[in-house]
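Over in Swiss-Prot, the protein carries these features:
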- 20, 23, 35, 38: Zn(2+) binding site (BINDING)
- 20-38: zinc finger (ZN_FING)
């Protein structure tokens, strides 16, 4: 096994985020056990911010 820069490229396999059960987005962090989009796993309340979604026709979109 070699170490150094060539072996650092092998760290990009796999993904930390899977599909969230609550919001359906690919934002559920497997190791943290929390969704970065809706807050599932970390909070009972839905994680929402005004800056997170752009207004279209006066309505917020997901």
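Positions of Cβ are set from backbone N, Cα and C atoms, glycine also.
For residue 20 (Zn(2+) binding site), applying a Cβ distance below 8 Å and a minimum sequence separation of six or more within one chain yields 26, 27, 28, 35, 37, 38, 40.
Mapped onto DSSP classes, the zinc finger (20-38) shows 0 helix, 4 strand, 15 coil.
Neighbour counts were taken as the number of other C-beta atoms within 10 angstroms of each residue's C-beta; across the binding-site residues 23, 35, 38, the minimum falls on 23. Mean model confidence for the zinc finger (20-38) is a pLDDT of 95. The Zn(2+) site is defined by 20, 23, 35, 38, and by the 8 Å test on Cβ atoms against their centroid, the other residues of the chain that qualify are 21, 22, 24, 25, 27, 28, 36, 37, 39, 40, 47.
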